[in-house]
Amino acid sequence: MANVSAPAPAPDMAAVTPVSFLNNGDNSWQLTSATLVGLQTMVGLVMMYGGVVKKKWAINSAFMVMYAYSAVLLTWSICGYRFSFGKYMLPFWGRPGTTLGGGFESVQADLYTAHVTAAYGMATMVYFQGVFAAITLALIAGSLLGRMNFLAWMLFVPLWVVLSYSVGAFSVWGGGFLFKWGVLDYSGGYVIHVSSGTAGYVAAFWLGPRLLRDRERFPPNNIIFVLAGAGMLWLGWNGFNGGDPYTASVDAGIAVLNTNLATAASMLVWTCLDYAFFGKPSVIGAVQGIITGLVVITPGAGFIPGWAAIVEGMFSGSVPWFTMMVLARKVPLLKHIDDTLGVVHTHCVTGILGGFLTGVFTTRDLAASFPTYLPSNGLIQGGIGQVGKQLAGAMFIVGWNIVMTSLIMLFLKLVVPIRMSDEHLEIGDDAAHGEEAYALWGEGLTYDESVHGWYGYDRTTHGERKIGGTEPGTPGGVEDGNGKGAKAMV
């Protein structure tokens with residue numbers, strides 16, 4: 001009979017030494033917050049972009065977001081995090097390095113140059129900051145939908161993370177010169193929104209406009225998807241702003257409440273303006289109001305009282321509405337550059353507005369509960385200098401992104417075509433990916449706008465042929481490959 005060794009004794013869990021710096025509550029909240037921000041990108045923006053564009057661009061638009069999330073996280077872990085939050089190298093850049101070593105991931109989270117520590121491991125901090133970087137690239141994509149060559153986008157994403165995002169992150173958050181000067185950005189109004197709005201607009205300039213027919217008529221293909229995506233963005237923002245004290249603190253709760261107050265006020269004001277000037281409350285307009293409310297509160301979410309958050313929401317529901325609905329149709333610079341989703345209005349204009357209002361409404365007691373470098377108070381408490389710092393900080397982010405995004409786009413033009421061919425632009429997803437977002441039951445149909453006809457696969461001839469001439473959006477009149485009637489989905 002074979003000898004059977006006795007099972008190894010179970011480890012004495014009471015004898016395991018706990019990690020001295022770990023606070024389970026803080027770690028849980030930080031990972032939850034990071035996951036909420038990740039869901040904003042991988043669910044919220046995927047659904048929103050996939051639904052808000054013309055049917056023929058649904059897949060391409062959603063996939064640009066999903067690619068950005070993956071590419072950014074790898075780039076971030078390899079080098080982006082240390083450029084953004086590493087030890088001091090330059091006033092705007094940390095010392096490069098990787099985060100992939102087990103020794104690095106398991107030590108206490110430490111933003112070295114900012115002299116900020118947190119009660120969990122470095123791996124938690126790297127992921128939390130990484131999802132912020134990822135959503136920034138996804139926001140830039142909103143300016144470029146409907147014409148960018150996907151290969152060019154694949155190259156743009158890692159280049160921009162390293163050369164542009166990391167500079168803003170280190171300068172404002174990581175202990176760089178704007179941080180030490182006292183510029184306030186609670187959760188990314190500058191680092192994320194002003195930078196993405198500026199970069200998207202500049203990249204759209206170099207990329208050129210969509211086809212004229214697409215620019216003149218670009219109806220959403222699924223407004224319910226847009227609403228669901230906006231809802232995910234709104235609730236996900238609880239992690240976006242609530243996670244930035246780096247601890248499950250009272251200030252995190254204040255940031256979450258202020259986020260929801262500002263967003264609700266912004267959506268209602270935008271809707272009322274649409275009703276007053278256009279006679280109907282626009283659903284897409286309400287979504288824009290949600291986004292601007294989320295953006296405006298981000299620079300000062302935990303620095304201001306609740307009443308100020310409502311005031312900020314009122315501004316974000318009206319000022320970007322004016323720039324988008326009025327100025328964009330009159331000012332040549334805004335009129336001629338094709339920013340597909342108006343990101344310059346919803347993120348750049350609103351981010352600067354939020355930064356300015358942070359300089360107005362910040363209270364010294366709330367600012368003291370956040371790891372800022374200098375004691376800060378806003379204009380309402382006599383801190384007039386804070387307003388100037390906020391505006392100067394915004395101008396640095398705008399200027400850096402104008403220059404660096406232009407250089408990246410000019411470099412890409414030397415390497416790959418940055419824009420799809422006009423033939424591919426006519427087709428959309430099928431040309432870019434060989435796939436379509438929607439198909440009829442039993443048959444896939446493609447609408448060719450140039451000839452106002454539907455094409456589909458004919459089983460009898462094993463090839464494509466024109467099988468109808470119905471205008472998009474009208475049911476009936478289109479035959480499938482067997483000669484039977486079918487309804488068009490557009």
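Cβ coordinates come from backbone N, Cα and C, glycine included.
Distant neighbours of the transmembrane segment (29-50): 58-59, 61-62, 64-66, 68-69, 118, 120, 124-125, 127-128, 130-132, 134-135, 138-139, 141-142, 145, 222, 225-226, 228-233, 235-240, 242-243, 246-248, 252, 287, 341, 437; these residues of the same chain sit at least 6 beyond its ends, with a Cβ under 8 Å from one of its Cβ atoms. The feature transmembrane segment is assigned by TrEMBL to 29-50 (among others).
The domain 'Ammonium transporter AmtB-like' annotation in TrEMBL covers 29-438.
Annotation comment: TrEMBL describes 62-83 (among others) as transmembrane segment.
Annotation comment: TrEMBL describes 126-145 (among others) as transmembrane segment.
Among the features that TrEMBL reports, transmembrane segment is placed at 152-178 (among others). Residues 64, 67-68, 71-72, 75-76, 79-80, 83-86, 88, 91-94, 111-115, 129, 133, 136-137, 140-141, 144, 185, 190-191, 195, 199, 203, 373, 393, 396-397, 400-401, 404-405, 407-409, 411-412, 415-419 of the same chain sit 6 or more residues outside the transmembrane segment (152-178) yet have a Cβ under 8 Å from a Cβ within it.
Residues or ranges marked as transmembrane segment by TrEMBL: 190-208 (among others).
Long-range contacts of the transmembrane segment (220-240) within the same chain, counting only residues at least 6 positions beyond its ends with a Cβ under 8 Å from a Cβ of the stretch, are 32-37, 39-40, 43-55, 58, 132, 187-188, 256, 259-260, 263, 283-284, 287, 290-291, 294, 298, 437-438, 490. TrEMBL lists 220-240 (among others) with the feature transmembrane segment.
The annotation transmembrane segment is assigned in TrEMBL to 252-271 (among others). Tertiary proximity for the transmembrane segment (252-271) is limited to same-chain residues at least six positions away from its ends with a CB under 8 Å from its CB atoms, namely 29, 186-187, 234, 237-238, 240-245, 281-282, 285-286, 288-290, 292-294, 296-298, 301-302, 304, 306, 309-310, 312-314, 316-318, 321, 366.
Annotation comment: TrEMBL describes 283-301 (among others) as transmembrane segment. Residues 48, 52, 184-190, 192-193, 220, 223, 226-227, 230, 233-234, 237, 240-241, 244, 254-255, 258-259, 261-271, 274, 309, 312-313, 315-317, 320-321, 324, 342, 345-347, 350-351, 353-355, 357-358, 361-362, 390 of the same chain sit 6 or more residues outside the transmembrane segment (283-301) yet have a Cβ under 8 Å from a Cβ within it.
Feature annotation from TrEMBL assigns transmembrane segment to 307-328 (among others). Panel annotation: around the transmembrane segment (307-328), residues 257-259, 261-270, 273-274, 277, 285, 288-289, 292-293, 295-297, 300-301, 334-335, 342, 345-346, 349-350, 353-354, 357, 361 of the same chain, lying at least six beyond its termini, place a Cβ under 8 Å from a Cβ of the stretch.
Taken from TrEMBL, the feature transmembrane segment covers 340-361 (among others).
If one looks beyond the transmembrane segment (391-412) by at least 6 residues along the same chain, the residues whose Cβ comes under 8 Å of a Cβ in the stretch are 152, 155-156, 159-160, 163-164, 167-168, 171-172, 178, 181, 183, 185, 190-191, 194-195, 198-199, 202-203, 206-207, 348, 351-352, 355-356, 359, 418. Annotated transmembrane segment per TrEMBL: 391-412 (among others), in sequence order.
Annotation comment: TrEMBL describes 464-490 as region 'Disordered'.
The compositional bias 'Gly residues' annotation in TrEMBL covers 470-484.
Within the model, the domain 'Ammonium transporter AmtB-like' (29-438) carries an average pLDDT of 95. With a threshold of 8 Å between CB atoms, the same-chain residues lying at least 6 positions outside the transmembrane segment (190-208) that come near it are 132, 135-137, 139-144, 147-148, 156, 160, 164-165, 168-169, 172-173, 183, 295, 298-299, 337-340, 343-352, 354-355, 393-394, 397-398, 401-402, 405-406, 409-410, 413, 418-419.
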